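So that you can see what the record holds, here are the features copied from TrEMBL:
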- 357-480: domain 'Integral membrane bound transporter' (DOMAIN)
- 20-38: transmembrane segment (TRANSMEM)
- 44-62: transmembrane segment (TRANSMEM)
- 92-111: transmembrane segment (TRANSMEM)
- 118-136: transmembrane segment (TRANSMEM)
- 142-160: transmembrane segment (TRANSMEM)
- 343-364: transmembrane segment (TRANSMEM)
- 394-415: transmembrane segment (TRANSMEM)
- 436-458: transmembrane segment (TRANSMEM)
- 464-488: transmembrane segment (TRANSMEM)
């Protein structure tokens, strides 16, 4: 067991060393440069943006950088102003300002279809209030630093994510092509495994997420985005055709499958940029005198795939957006995308944080920030996750506290303590689990608390106990508020999401049967259906649900039948 653990540790260090080291050096350089430009009083702002830059990578902002720059700048400048007002106004007068700001951050940066981004913003906002408050004289420089940070977030996105969409499309489409080739090989030779249509279908979720993140606005997807999704759906369609084949293969059918495998291999080479040409299938290659329906299906499926790969690689398609004919009111509703789940969560946590910020200010608690940091980190959207996360947080606080007492009691010098804090920050890059990350954070936080004021076992130990006390109170409040007073369960959210998915696929089925289809509406529904499926499956796994797959397959089949019935749908 020890040998296995050592091997796993060695593999983890080897896999993450370059990434962790480069990120750590970047953070040190960025914070020092930021502090040099905007002053030591704004060093915490530099720290904030190292967190935000990394956290922002869960979304792709590179398609519309100016739009996202304006959004980031507006949010961050308001956070800076709000933090100033919370510190300068009387506590009761500051309460509504704080409530409004926290609600806005939580609602704006929680998402139904993708990973949330709210925590770095909430944590940064609390940092601005409690760790580095600013005076009226220092406010202009603070706001300038926040605007510069917004620019840095977008520049980081453009540098780190400049090839993200292309790499996602290449990886997903190549994987789907490999699975289609493997499925054909299995039918021809019996080697390998049979096609898994569920696995193939779920790969489409990554394509839809990429297109969703990169859309210009609601109901405004580029032609290249359409083609990215359709190329994936074309490969899925080929796999479904393979699954539909019944009985032993005739010699004619074998030749069709061999030609199909050959063309998919050519297209895979083109997708992976390993060379090759994107040539359409030749109809005569599929005229084998056998099942005419099968010949037509496979030929049209390959032609469909070829056409959309061609459009996907066309630079003009990336900047061409078809106009929607939907009314302004419908577009506005789609743009606002009001979600009851997000509203309830934002209201609950905003009220909780605002009330206890008020309590910390009124009671003048010297380390009340630790209580609020704990509340913020444990107040997650679903009550099902709160208790498990609370246990991990308490274990991390105890473990980090013990390490801190041992280290800081033996190392009284500022240089030595600085080194310990930096090493704990560096080690956090190797921690994939919440407990490990917060153990390192506890060592860093206690280092800041005892840096120049506490020396020896008793003083450092007392500070560790104080932190543990605040964390325990914050954890108890988080469990009480999120699990007992205002519980919102994953089961409730999943039921609502399932109804939304059924309504979306039903509307998509009706749209497929219409003669004149609004292209933006159609693809928006396709994307929404994929993203809802991904979230439903994620929730089902977390809750241990069975039977959801049957519902999804049934809805999916209805859409496919309607889509194939369209005479205008090339190849389908």
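FYI, residue positions are counted from 1 along the chain as it appears here.
Keep in mind that glycine also has a Cβ here, set from the backbone N, Cα and C atoms.
Because TrEMBL annotations are produced automatically, they should be read as predictions rather than curated entries.
For the domain 'Integral membrane bound transporter' (357-480), the number of residues in each DSSP class (helix H, G, I; strand E, B; coil) is 105 helix, 0 strand, 19 coil.
The transmembrane segment (343-364) makes no contact with the transmembrane segment (20-38): fewer than 3 of their CB pairs lie within 8 A, with pairs spaced 6 or more apart in sequence. The list of residues near the transmembrane segment (142-160) in space but at least 6 beyond its ends in sequence, with Cβ under 8 angstroms from a Cβ of it, reads 30, 34, 37-38, 41-42, 45-46, 48-49, 52-53, 56-57, 60-62, 65, 68-69, 72-73, 76-77, 79-81, 84, 134. Remote same-chain residues near the transmembrane segment (118-136) are listed as 41-45, 47-48, 51-52, 55, 75, 79-80, 82-84, 86-88, 101-102, 105-106, 108-110, 142, 353, 357, 368-369, 372-373, 376-377 (criterion: CB distance under 8 Å, separation of at least six residues from the stretch ends).
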